[in-house]
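> The structure under discussion is supplied below as structure tokens; questions concerning it will follow.
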Amino acid sequence: HVDSGKSTTTGHLIYKCGGIDKRTIEKFEKEAQEMGKGSFKYAWVLDKLKAERERGITIDIALWKFETAKYYVTIIDAPGHRDFIKNMITGTSQADCAVLIVAAGTGEFEAGISKNGQTREHALLAFTLGVKQLIVGVNKMDSTEPPYSESRFEEIKKEVSSYIKKIGYNPAAVAFVPISGWHGDNMLEASTKMPWFKGWNVERKEGKAEGKCLIEALDAILPPARPTDKPLRLPLQDVYKIGGIGTVPVGRVETGILKPGTIVVFAPANITTEVKSVEMHHEALQEAVPGDNVGFNVKNVSVKELRRGYVAGDSKNNPPKGAADFTAQVIVLNHPGQISNGYTPVLDCHTAHIACKFAEIKEKVDRRTGKSTEDNPKSIKSGDAAIVNLVPSKPLCVESFQEFPPLGRFAVR
């Protein structure tokens, strides 16, 4: 949610355990003082990084990472404002875990969780897009009445549990952590201000976990099974031109393995070329596996020929192709009116962003069972699920959800 304190919380984690060097931090602190922001805000870290990223400066990706005892955590920022939901859709589809930050302040929590609040929408999106692990940070515990109130935390935990359960999450498997991203309570170490908090604990079929702070909850994430045995699919997030090296597409391996020497094809443009090298965390890799965010250098292809939303695959093993049309199950989350044949919204699938026409609404189905409830409905509205034939304005690389989940889920808005 916009003011739940996501940036401050994230900034705090990057600041304390991340890839930001001392010099940069001192520079930020000095600027903050000069601007009369007496106290240095962690959110600033994120604002500075975002500003640089928006100016087209290739940010050293290390800045968007921090380390726990067990993992490298890469932050896929999903700011809370309405127009950012699209980023969230393309970004969330790459997340292994979502951290939902809710503000505990009087009135703040209620606003976020209200009928059209964003907390609700974000949690629903994360689940719909296949992010099955969730952590809830109950933030701004310092601004409850009285500060660090146990009853306020319990009230919020109860309320959030009930609605994430409706969405499909199992609350018993979700860590609820009372925090202050600003003061640092329960972020990296147990807070002395909440002696009543005995810790979070989760139960799931893979076993139990418990801890006191947010970083431990991140440490307790289960690493998802990585589909290395499937054909290669790597949606491009960006394409850089790097002096002395050449064209470097960047993206996350979703399925399969990418290694130097692979002859890749980029769909839907059908451009074929050889991979010269693969790099992650500034180190050359002999192979990249699902979950790896990598840059790879390709021969004889200019930056202009490739774009975000293209998908790289192995030309010799079930390569990806563009689709001129496709059939999908669509769930209408919150759309103001009726949707009928001919409706042409913008669709976001993996990293692609493209106008698509609802050519034919074939049937309405039950959201939970998928059974048909009505053939050829005139229109569909909020809450409905339907099977629809979609026609993208130009070829789009999509796959069946069964075979390649990250390329089989999308959002239209």
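From the backbone N, Cα and C atoms, a Cβ is placed for every residue, glycine too.
The following feature annotations were taken from Swiss-Prot:
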BINDING   1-7, 77-82, 139-142  GTP binding site
DOMAIN    1-228  domain 'tr-type G'
MOD_RES   Glu287  5-glutamyl glycerylphosphorylethanolamine
MOD_RES   Glu360  5-glutamyl glycerylphosphorylethanolamine
> Between Glu287 (5-glutamyl glycerylphosphorylethanolamine) and Glu360 (5-glutamyl glycerylphosphorylethanolamine), what C-alpha distance do you get in Å?
42
> Among Met141, Glu287, Glu360, all listed as recorded positions, which has the most CB atoms within 10 Å of its CB?
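That would be Met141, with the highest Cβ count within 10 Å.
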> Over the domain 'tr-type G' (1-228), what does the predicted model average in pLDDT?
79
> According to DSSP, does Glu287 (5-glutamyl glycerylphosphorylethanolamine) fall in a helix, a strand, or coil?
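It is coil.
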> Fill in the CA-CA distance, Glu360 (5-glutamyl glycerylphosphorylethanolamine) to Met141 (GTP binding site), as an integer in Å.
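Given the Cα positions, Glu360 (5-glutamyl glycerylphosphorylethanolamine) is 49 Å from Met141 (GTP binding site).
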> Tell me the coarse DSSP state (helix, strand, coil) of Met141 (GTP binding site).
helix
